[in-house]
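Enquirer: The structure that follows is given in the form of structure tokens.
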Amino acid sequence: MAAQDEREPLITPALPANRSGYGTVEDARDAMSKFVVNNVAGESGRKLPQYIAGLAASGGALAAGTFLGWTAPTDKPLTVEGEYGFPVSDEQFSWVGSISNLGAALMCFPIGYMMKLIGRKWSMLAMVLPLVLGWLLIIFAENVAMLMVGRFFLGVGGGAFCVAAPTYTAEIAQPSIRGTLGTFFQLMVTVGILFVYAVGAGVDVQVLSIICGVIPLVFGAIFFFMPESPYYFVEKGRYSEAASSLKWLRGAQYDENAEIEDLKQADEKVKAEAIPMLVAFRQKATVRALAISLGLMFFQQLSGINAVIFYNSAIFASANGGKEMSSASIIVGGIQVVATLLASVVVDKVGRRILLLVSDLMMAVSTILLAVYFQLKQDDPAKVDDLSWLAVLAVCLFIAMFSIGYGPVPWLMVGELFANNVKAFASPVAGVFNWLLAFLVTKVFTNLKDAMGEAGVFWLFSGISLLGTVFVFLVVPETKGKSLNDIQRLLAGEKLNADEPAGLPEPRDERDERPAQVA
């Protein structure tokens with residue numbers, strides 16, 4: 001779900017997607033008529049409390065962003081300067097950087113069960129504990145093992161937030177602002193990364209870690225006063241508490257009865273359509289959705305994002321006459337923030353496939369330019385004296401193209417491709433696969449560089465990005481403007497006529513438990 005430092009994968013949280021059930025056209029029309037009537041009334045509620053709750057939940061995204069960005073400004077102080085008083089080799093630091101991905105992968109399934117058991121709110125508040133514990137271990141580390149265990153706990157807490165916070169935000173928001181609130185998490189992750197880059201340029205590792213460790217505490221103190229998701233209360237049959245939650249979110253004058261009735265019907269429908277996992281994975285639509293999702297995750301993580309992030313300081317330094325640029329990571333982080341914000345604006349306008357195709361193709365072009373740059377530098381460093389600007393441009397272009405397409409869109413499509421009755425276990429499979437790939441790529445990158453050389457690594461990544469472009473063109477369907485039923489028909493092999501309506505707008509079942517990546 002992805003991410004953003006010299007060792008971590010750039011991970012981008014998922015955007016909320018339309019969710020619906022199945023039934024006849026008449027059933028859909030009846031449901032839609034109730035949905036429209038109820039939400040016309042519902043839109044009369046206040047929006048400000050929902051923005052407050054959404055921003056409070058996004059504090060978890062800020063905390064996740066800080067652990068994702070931490071390794072970039074701490075690499076040299078720990079491995080070269082020995083700032084902590086004990087030696088840290090490059091190999092050891094690669095474990096420090098990558099092991100958090102294992103912690104995040106470990107939480108993809110358990111956090112879903114936690115949200116059902118104790119609620120969205122208390123699941124997120126519970127994650128403050130591993131985050132604080134992780135930062136304490138790093139702050140007071142006396143050896144590499146403490147750094148690694150601390151990073152693992154940070155992955156546990158941050159990875160859980162990448163699932164729970166978007167779920168909570170989607171469930172508390174009214175339809176007219178759900179998309180806006182859904183962008184908060186994705187944006188705040190990149191803001192957290194940029195924050196660490198900026199602060200890390202001016203303070204030592206321990207001070208940086210203390211500042212990062214305060215963020216989850218502040219989040220917990222604020223989020224404690226936010227309401228639980230009304231969807232959770234309806235799932236548990238606690239309707240009076242669901243009403244109180246809606247009153248908090250929509251205002252004291254809001255008539256919550258119609259919305260609670262909608263939530264009851266949606267909950268009954270999901271429970272009625274529940275099927276065993278093995279049965280679900282025998283369905284053609286589910287198998288194809290899983291293949292597409294895993295393929296997108298594969299090409300996202302193997303696009304070269306870690307290599308580009310890893311070398312950005314060296315490339316910027318080369319463009320600056322060999323002098324290190326403390327602003328290099330800040331520039332990269334700023335590009336990520338802007339491009340991620342742009343992606344959230346245009347994804348529903350231009351479509352998923354176009355963004356993926358343009359993103360992957362331009363990433364391939366960027367890595368080809370970097371491969372040529374490093375090849376020339378390897379043959380004769382003098383040859384690239386006048387080409388440093390081109391390498392810097394390639395880095396900036398790559399980061400922008402990743403952040404606008406292959407960063408966020410695969411997670412968005414995971415939410416759209418799976419049917420409601422398989423989403424609870426299919427989406428975490430994609431999440432675990434993504435985090436494990438992030439761990440693998442982050443861990444073996446240094447070994448890959450030693451074996452193939454800088455140029456060879458970027459030639460490899462450019463080839464993979466070109467294959468990813470072909471994969472999107474041949475396999476990935478366009479989901480923009482299609483109802484969930486239409487998407488399932490498409491995946492099952494049915495032909496949708498060009499003049500066929502896209503489908504009735506469908507009520508959303510917002511209980512989405514997919515991971516929101518941050519690579």
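Just so you know, glycine gets a Cβ as well, placed from its N, Cα and C.
Fair warning: this is a prediction, and the values are worked out from it, not measured in the lab.
These came from TrEMBL, pasted as-is:
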type     : residues : note
COMPBIAS : 506-519  : compositional bias 'Basic and acidic residues'
DOMAIN   : 53-480   : domain 'Major facilitator superfamily (MFS) profile'
REGION   : 498-519  : region 'Disordered'
TRANSMEM : 51-72    : transmembrane segment
TRANSMEM : 92-115   : transmembrane segment
TRANSMEM : 122-141  : transmembrane segment
TRANSMEM : 147-168  : transmembrane segment
TRANSMEM : 180-199  : transmembrane segment
TRANSMEM : 205-226  : transmembrane segment
TRANSMEM : 290-316  : transmembrane segment
TRANSMEM : 328-347  : transmembrane segment
TRANSMEM : 354-376  : transmembrane segment
TRANSMEM : 388-412  : transmembrane segment
TRANSMEM : 424-445  : transmembrane segment
TRANSMEM : 457-476  : transmembrane segment
Enquirer: Report, as numbers and ranges, which residues of the same chain sit near the transmembrane segment (290-316): CB under 8 Å and 6 or more residues beyond its ends.
Expert: 2-10, 72, 281, 324-325, 327-329, 331-332, 356, 360, 363, 366-367, 370, 373, 388, 391-392, 395, 398-399, 402, 406-407, 409-410, 413-414, 417-418, 426, 429-430, 433-434, 437-438, 441-442, 445, 449, 454, 457-458, 461-462, 464-465, 467-468, 471-472, 475-477, 519
Enquirer: Taking 3+ C-beta pairs under 8 angstroms (sequence gap of 6 or more) as contact, is the transmembrane segment (328-347) in contact with the transmembrane segment (180-199)?
Expert: yes
Enquirer: Out of 51-72, 147-168, 354-376, what stretch is closest in contact terms to the transmembrane segment (92-115), meaning most Cβ pairs under 8 angstroms?
Expert: 147-168
Enquirer: Going through 147-168, 180-199, 354-376, 388-412, 424-445 one by one, which has the most CB pairs that fall under 8 Å from the transmembrane segment (457-476)?
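Expert: Of the candidates 147-168, 180-199, 354-376, 388-412, 424-445, 354-376 scores highest.
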Enquirer: Restricting attention to the domain 'Major facilitator superfamily (MFS) profile' (53-480), give the mean pLDDT.
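Expert: Across the domain 'Major facilitator superfamily (MFS) profile' (53-480), the average pLDDT comes out at 85.
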